[in-house]
Structure formats: structure tokens, C-alpha cells
Amino acid sequence: GLSRYDARAHTGLLRQVVIREGKRTGEILVGLVTTAPEVPGTDTLAARLVTAVPRIAGVLHGINPGVSDGLPLARVSVVAGRPYIIEELAGFQFHIGLETFFQTNTVQAGRLVEVVEAMADLDGGEAVLDLYCGIGTFSFPLARGALRVCGVEISPQAVDAARENAVLNQVANVEFVAGDVRRLLPEVVGRTGRPDLLVLDPPRSGAGSRVMRKIVDTGAPRIVYVSCNPTTLAPDLGDLVRGGYAVRAVQPLDQFPHTYHVECAVLLERAGPPQPA
């Protein structure tokens, strides 16, 4: 057997067993995360797993020699099958790897996409800017109603997956840019022009005042802000209101039932000039 990792002593081999399942497709991805690259018997174990559970699309080996359990992993290799499962959401297929961020509650994620699409209210002629776009969860549904969509995402792996998903779904009117929103936003807007709609879905820490100021500077007439943390959503909305935007609609969603977590989608529209400092 494999020795269990002890976080206090930083000893042992097996840190985590990660299992990802496509709720719509039934595919399963199994990841063994260890502290060292040499793990005896992984080929045999993978073969036994795939034989016992035919829904397993891939068995992966991830290496994390550090103290933290967080991502990214130092290396991920395929032991058997392929490095991703396929999940379906909002009529699109997505490749989900071991480290890919994807909404855990797929059913509610589909509802969230519907809410964002309704708030976007696209007529086919708009240019959309999708910040913190991940693998394109909102980008692709928005693209079917827009002229073009540009997604910005800090994770190169997520951008690679988003581009793969564009090919997989045969969506031609999307592009994805890898980089930090704080640094890239003015450059992207300078190249693509003022967006008709700006969508953002930042991490729990929020986007922050610097990004909010740059969003105000884009002059986007409408914004849809998706947040998983009301505590950081409030100050970001305050920055946008001071920047001349008005909140038109707020839709909370119970993404994680029986917990205090609340997802929110907020529609804002340009209402006037920025308020004096």
C-alpha cells in the first residue's frame, strides 16, 4: 500500500485521491496526488480501476511536493485513458481536467448561465468582454447571442482548455487571452474596442478597486457581475456605483444548499458620469 501523507510532519506519499464526475455524461476522472514522482504499482492500480468501473475515462497522477494542498500541481501525467472528462452545460461540452475549475453543482450552474444570459439580453450585434472567464463557462453561451466574445483568464491551463472547448463546440466567434485582468484589461479594450457588455466572475476575494476603476474606464454600457461572496461583492459594487453605474437587478442562487454560500448575479447599467471623489 501507499503511505498516507501526514500534513504536520510532511511525511508520507499519498496526499489525495481526487474523483471528478461528469453529472451529465457519467464520465469519471481519478487523480492520485502524491508527494513524490515515483509511485509503485500505479499502472496495475489504474488497469484494475478501469476494468472495475468502465465509466472511468482516465486515471491521472499528480505530484505535489510542497506544504500546501492547493493548486497548481507540480506535474500531472496520464496513467490510463485520457486527461479529462467531458461535461455538458447549457448545450455545450467542456473538457474537465484534474485541476480545471468548474462549478461543483452542475444543475445550478446551468441555472446561473440562464440568469446571466437573460441579464445580458443580447441581440446578436454586441461585443462582449468576459473577465475571469475560466474555461469559457459563460463565454460560449454568450457567444451564441453576440457578435463576438473575448475572454480574459489568468490561468494558462484554463485558457488552453477554453480554446480546446471552442474547437470542440465549433464556436468561431470567441477568443481567449491569458493574463492578469488588472494588467491586461486596458490593452484588450484598446485592441477590441469598447465592449457593449462586460461580464466578470472573479474569485472569492473579489476583483478589487483597481480592477473596478479600469472597468469603469472601459465605458461599457452594461455589466453583469457574478459573485460567490457577498462580502467582497458589496465594495466592488460600491466602486461601480461611484463610477456612474446603477444596479438594475440582483439574482441570488443557492449554489450550495444547506450552507451559507450564496451565488449572486448582478446587472448594472451606465447611469451617468462618475461621482466626484
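Note: Cβ is positioned from N, Cα and C throughout, glycine not excepted.
Remember, predicted model here, so these are calculated numbers, not experimental data.
What TrEMBL records for this protein:
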ACT_SITE  C228  active site
ACT_SITE  C228  active site, nucleophile
BINDING   Q103, Y132, E153, D201  S-adenosyl-L-methionine binding site
For the recorded positions Q103, Y132, E153, D201, C228, the one whose C-beta sees the most other C-beta atoms within 10 angstroms: E153
Maximal Cα-Cα distance (Å) across residues annotated as binding S-adenosyl-L-methionine, namely Q103, Y132, E153, D201: 16
10 Å Cα neighbourhood of the residue listed as 'active site': matching binding-site residues from Q103, Y132, E153, D201: D201
Cβ-centroid neighbourhood (8 Å) of the S-adenosyl-L-methionine site, Q103, Y132, E153, D201 excluded: F101, C133, G134, T137, F138, P202, V226
